[in-house]
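Marked as active site, proton acceptor by TrEMBL: Lys217. TrEMBL lists Glu266 with the feature active site, proton donor. The annotation Mg(2+) binding site is assigned in TrEMBL to Glu310, Glu445. Among the features that TrEMBL reports, domain 'Chorismate-utilising enzyme C-terminal' is placed at 196-449.
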Amino acid sequence: MLKVKEDILESMLEKAIHNIQTDETKLVSYTKKINEINPLYFFEAAEKLGNRTYWRSSIDDFCIIGVGSTLEIATEQSDMNYTENRWQTVLEEAIIHNPYNVPGTGVIALGGMAFDPKKEKTELWSNYKASQFTIPEFTLAKIEGNYYLTTITRVNRNDHAKQLLTQLNAKEQQLLSPVESFPENVHVISQEEIQPESWKKTVKKATDEINKHETEKIVLAREIRLHLSKEASITAVLRELVETQPNSYVFAFEQEKDCFIGATPERLVKIEGNQLLSTCLAGTAPRGKSLEEDEKFKYTLLHDQKNREEHDFVVQMIKQAMENYCENIVIPKDPDILSLSNLQHLYTPVRATLREGYSIFNVIEKLHPTPALGGTPREKSLAFIRHYEHMDRGWYGAPVGWLDSNANGEFAVAIRSGLIRGDKASLFAGCGIVRDSDPEAEYAETNIKFLPMLSVLGGV
Ligand SMILES: C=C(O[C@@H]1C=C(C(=O)O)C=C[C@H]1O)C(=O)O
């Protein structure tokens, strides 16, 4: 990876074009600080400049927006080798100017993957690959009160630096100009649950399977389909998610006319330098209507054997997975509570030091799917889901996130999410089934898990 000192994009472009001998292309990446800008205004202004990606962290003042696509790393293969190799090659050949040693700046890829590439893909997810990462043409990063704009251009030997620069400047101006009006949000006109009774029967089937000692935990998800009052404005939906789900990651991945969007509380992995953070999240209770009731639910959740067992499957699996690539693994003995707007979860943070030679790709591959979204044991529970679940999860329940050229990155598990397609939307929610799960209670739990998305679409 060649780090150049020139801080003028034009001379970088000229030099890159001049040095290209063959038919190859080169990435030129230039990062600068810019004045404060509302990320959602930037997102809105980008509407006509290609697919957009939005990511806001659950705990830090950290938001990234990607606009357009300079390069796609996409594959229908299920392992991460192709993506990792391609990403490494891209970085080795890139010319990068980034004077800020801040995670999330410089060359960055944003993307996600399918929950289970072995499950047949339906038309619903036709625009999303089994693994798809975008290196955007423009990236806005808002990090701890600072604003960084990165421009990434792909040049070939026939390009003209001045011409490229004029085009980039015009787009940049469009992105940074104030938007005239903020779009209005939609509301739900009609709502269809996909086979709820059959889903409850599948829950029963899962508990039978568990009682036969075939498996210990199986996570089952279901879908609701919405008809919206008009084509949804992704900016408007994001604005409401950001406001209503302060303790969650808010994400949106556009592909053509579709957008996978949500607000998930579940971190899969965060890597900064060699410090790794993961989260075990499983076990659910509603929020109380009064402080007293809320405390009661919290206490019951912390002491409920079924929920503790469901949670512990995740803790044990993540611990084991970490042992492959990490040292200094620190896991609290007992879970804590993570309170969200609509419900609360048992929560155990996992901290560790990533050993040298391992990357975020290795960790994702080992962790996904954790028993919070798949089950225990992994292969048997996945086989059950593949066979009996009447839906195409697509990217729901899978890792989504970002990584940068300094090997930092963060991925969340894409739950509390939905796929918006114009004036239609599919929302997804699931829950962990264990020995004594009751189909009606699990059904009720999934109804609460639909709420974060359903409410921002004006459905409640
Ligand atoms: C599967 C979902 O959530 C997962 C399942 C949970 C549970 O069963 O208690 C809790 C948090 C998540 O790990 C979902 O929201 O769709």
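Just so it is clear, glycine is given a Cβ too, placed from its N, Cα and C backbone atoms.
Features per TrEMBL, on structure.
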{"residue": "Lys217", "record": "active site, proton acceptor", "DSSP (3 states)": "strand"}
{"residue": "Glu266", "record": "active site, proton donor", "DSSP (3 states)": "coil"}
{"residue": "Glu310", "record": "Mg(2+) binding site", "DSSP (3 states)": "helix"}
{"residue": "Glu445", "record": "Mg(2+) binding site", "DSSP (3 states)": "helix"}
Compute the C-alpha separation of Glu310 (Mg(2+) binding site) from the residue listed as 'active site, proton donor', stating it in Å without decimals.
15
Between the Cα atoms of Glu266 (active site, proton donor) and Glu445 (Mg(2+) binding site), what distance do you get, rounded to the nearest Å?
17
Cα distance, Glu445 (Mg(2+) binding site) to the residue listed as 'active site, proton acceptor', nearest Å?
16
Which same-chain residues, if any, lie at least 6 apart from Glu445 (Mg(2+) binding site) yet have Cβ under 8 Å of it:
Thr284, Cys431
The domain 'Chorismate-utilising enzyme C-terminal' (196-449) [mean pLDDT, rounded to integer]:
97
Can you tell me how many other Cβ atoms are located within 10 Å of the Cβ belonging to the residue listed as 'active site, proton donor'?
27
